[in-house]
Ligand code: PHE
């Protein structure tokens, strides 16, 4: 008997996969990345990366999950014993992300609340760093900040509740509510944004192609990096989610839908963000170039400032921060599921116990980021775990599958056997050659950069402990986990 959880409907699976993919990366990472790497011309490397890495790897991970019907480490161990640790490594990367991702969701929640009457005042930067976070010097932690702790507790309660309800009644239903709501809210934001004065200048700046940038290797690295992070691939997530698919599911089509839906949202966010930046530039009499930022600064410093100047500012603020919240929480659920599934299978635990241990531990660690030094810690961990976690784990994954296990043909047969679109040589070439070459190059570039210049000029011992040591540490803990045998009762049908 197969007792494995299963999605209720195909749409439910798709919304969950899209929910994982559509996250903060779409809203605050893509627009600035595209702008800084050639504007309109960036779409060429970006589309190339989507078609040669993003969608092919998504197809591969959906196939692995659907074929082996297990968590990522168990699925990899069924391919070859030696591959199990790549699965744990990816699960641990997801675990690390799950310790700080809820912090950003908590900030969003709090800022949705602050939107009533635009509480951040005129100096949004000082409000965010001093009044809201009570920040200390980089490298020290200080005490826990109640402004962050309270929304954090709310976020974790929601996460525990959804996870506790299980795959079909929890994750699927949550995404069925969150994702359509997010799409509607975001559409309203973008429609309002493009009608603002100055919007057109913003869009012109965003789309204006700088063709020379295409010749620059770092632009291609940025495109691949964006695709990896944005599609949640090489995080063990998509393998876990597709392991709950019914046996005969159209894999390839699902991967194309997920990939294009995510990129469409990304483009929409680019339009919205740049229309709004255009408005800001006009208001402050500066150029677009001066107002572009990404990440935390964009969402919590620049946007509040713009929102204050907008008509119906409180309402607009609420819509914006609620959309960050929804985009974030659906991704958070997906990373949490990866380690819950892994731990549950490895230690034969009930789902409830796996949630209690796994997410419970993540919750405790998350409290460190709720301190006065939390932002610097978050920034460091995020940077290192993404650059040396995801890119490297992704590289190991494709090389192991294409060159050591040599199962691309088997996987292709499995996908083709149940998908309308048939895979060809382009798929094997993408996974076996193009992706490893680009990821390898990306690793070397990142390493060179970070060894030359300490990230953000943070203290060296801090970067060593929470950057390098953590990124390397998860590989070792991953290896340690493989020493325990899988329970004999197999979840395979
Ligand atoms: N895909 C998410 C985004 O675009 C990021 C993410 C990756 C979230 C991995 C969770 C895990 O924002």
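Just so you know, glycine gets a Cβ as well, placed from its N, Cα and C.
The range from 407-424, 425-442 that TrEMBL describes as transmembrane segment is residues 425-442. Segment contact is absent for the transmembrane segment (220-244) and the transmembrane segment (144-165), given fewer than three CB pairs below 8 angstroms at sequence separation of 6 or more. Panel annotation: around the transmembrane segment (177-200), residues 15, 18-19, 22, 265, 268-269, 271-272, 275-276, 278-283, 310, 316, 319-320, 322-323, 326-327, 329-330 of the same chain, lying at least six beyond its termini, place a Cβ under 8 Å from a Cβ of the stretch.
Most Cβ pairs within less than 8 Å of the transmembrane segment (354-371), among stretches 12-31, 43-64, 85-114, 144-165, 383-405, belong to 144-165.
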